Each structure stands twice: as C-alpha cells, then as structure tokens.
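Report on one structure; see the data block that follows.
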Amino acid sequence: MSEFLTPERTVYDSGVQFLRPKSLDEFIGQENVKKKLSLALEAAKMRGEVLDHVLLAGPPGLGKTTLAHIIASELQTNIHVTSGPVLVKQGDMAAILTSLERGDVLFIDEIHRLNKAVEELLYSAIEDFQIDIMIGKGPSAKSIRIDIQPFTLVGATTRSGLLSSPLRSRFGIILELDFYTVKELKEIIKRAASLMDVEIEDAAAEMIAKRSRGTPRIAIRLTKRVRDMLTVVKADRINTDIVLKTMEVLNIDDEGLDEFDRKILKTIIEIYRGGPVGLNALAASLGVEADTLSEVYEPYLLQAGFLARTPRGRIVTEKAYKHLKYEVPENRLF
C-alpha cells in the first residue's frame, strides 16, 4: 500500500499537531461518540467525580488519540501517554500508576497488546485504585499493597476482539469509532487548509475527501501533498486541477485505490476468475503475509464495496469489475 494511503502513522504525519482539534466542539464527525462522551464528561464535572474509564475502539487514523487528549483538556487535567507494547514489566506500569494525581488521564494506545502480567496489575488499579507489588525474590518475597490516586484510563484499540473479557468489562464507557463520510472529511480538509493558511475550492476539498478512505489521517496527509503541488505550480488556491495533478503523481485513482489495491483485485479476477479465493492462497499469490492482507489492505476494499467475504473466500464485486474496466461475467452472483 502507498505510504500516503495507509491509515497507520507514518513519517508523513509529523508536524500536524497544530491541526488537531482541541475540544469536542472542534472535533468533526463521530456524532454518536461525541454525544455519549459529552454527557459523561459533563456529569463527571458537575458531580466533581473522576470520569469513568473509557475504551476507544476502531480502525487506525479515526481520531482515538485526539479524543484522548480532548478528554484531558475538557477535564482540565494532565494526560500521561504510553502504549501497550512498551509496558513490558509490571514495574513499568507501577511506575506510571504511582505518579498519577487525582483525576489524571492515563492514555494507553494499542491496549490490546498489553502482556498478561501487566494487564493483571492494571485490574486492581482501575477497579479499586490499588496495586499489589512484590518486594524481594524467592521465599522472602512479600506483596505490598499501594493506594494510588483515582484516575481515568483511556484505552485505544484497533482490534477490540483481542481484548480480554476481564479488561473490557472494567471500562464504564465503550465508544466505537467508524469511518467518516465524504461530507465530514471535506469539512476536516477545509479546516486543515485554513489552519495551513491555504485557500481551497469546495470541489477540490471534495475530490480529496473521496480519496481519503473514510480516514481523517489520510485526508490530512493528502491535503499536505496537494499543498506541495500548489507551491510548486505557484497557484493562489487549491483547485481540482491541482488535486488531479497531485493524485496522478501519487498514483491514486478517483476511488482512492493505489497500485497495490488494484493489483489485489486484478489478481482475483485474472487468476481466480473473480473468486472465491482463500486468504492464504491470495496472500501467497501477492507475496504478502495473510495478516497484512486482512488487516491492512482488505478493510477499505470491503468498506468501499470492491471486495466481499463469503464462507468460501474472497470475491470481487461487480463494482470492482467496472472500476477496473473488466467485462462483468454473465450469470455471476455477487
């Protein structure tokens, strides 16, 4: 996949902190999530209580990290940021937990990747605001209970199915983020252009939005590249011609597909007669890992209606045939 279209963070996402919304009012899209979060925040503030623990689930690039920072901002408290993979030992987690002040937000990205020992230490911390740590080794080792300040855990995950039931059940607020509409992405792009001090035409913003795979991170990334083209051609505003020139350089078509996306669909059509084809067989034909294919490449193709999963395997849809200008087979069930 093109580095410009991956929803994961890349080096092309540096220097965009100033584009992030600082409050729920500035945050575009995810209306249901915002309503639930706004209610919980307002109630906690009115009662003078610590906010319930929050789980933010959804595909990468949809604003989970931004929402975590907004939660801390709305509560006017400190945020401590870490991620599941870096918390290797219980001591790593204990050091963070004992440094928290009342009402602080602890944000753990990729919380589904916590190892079991660290996760188990977290249970008593988020439920009773206490932790038990072992002092010493061998027969003389003893457990000491330490009280910690009440805090709010905000966990983010792209794979909520990998969360253990005991951990998931300890979150009082579970929010599922979904892909954005073209209309919402257009507003995000126009806001970003304004903050970058660049004028953009409405049609140009919509053109970028349609190629952004329902993901704000991609929309911002593409907008930055379009701004580069604007600078090079010495124009005074972003119009559709400038967007098209940029997308041609990036090899991104009008449906937001890049070269490898098209290769996936063409492989199924040309080698497997449109499918069905099993994940492992398709991955072998493409020379990629099966997990990479299912977790990185497939979500957008499924969401956009180019690919479908059946009990027998993957099939391409009529939309894919038409987009790639293949003749649609007769008597084919899609």
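Counting starts with 1 at the first residue shown.
Cβ atoms are placed via backbone N, Cα and C, with glycine included.
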| said: For the ATP site that Swiss-Prot describes with Glu26, Phe27, Ile28, Leu62, Gly63, Glu127, Asp128, Phe129, Arg170, which of these is also annotated: Pro85, Pro216, Pro276? | reply: Pro216
| query | Using the residues the record lists for ADP (Leu19, Arg20, Phe27, Ile28, Gly61, Leu62, Gly63, Lys64, Thr65, Thr66, Tyr180, Pro216, Arg217), what whole-number Å value is the largest Cα to Cα distance? | reply | 17
| message | Which one is it, among the binding-site residues Glu26, Asp128, Arg170, Arg309, Arg314, that lies nearest to Gly61 (ADP binding site) by Cα separation? | response | Glu26
| query | What are the DSSP helix, strand and coil residue counts for the region 'Head domain (RuvB-H)' (256-334)? | reply | 40 helix, 9 strand, 30 coil
| said: List every residue in the same chain as Glu26 (ATP binding site), at least 6 positions away in sequence, whose Cβ is under 8 Å from its Cβ. | reply: none
| task | Look up Gly63 (ADP binding site) in the DSSP assignment and reduce it to helix, strand or coil. | result | coil
| query | Hey, how far is Ile28 (ATP binding site) from Tyr180 (ADP binding site), Cα to Cα, in Å? | reply | 9
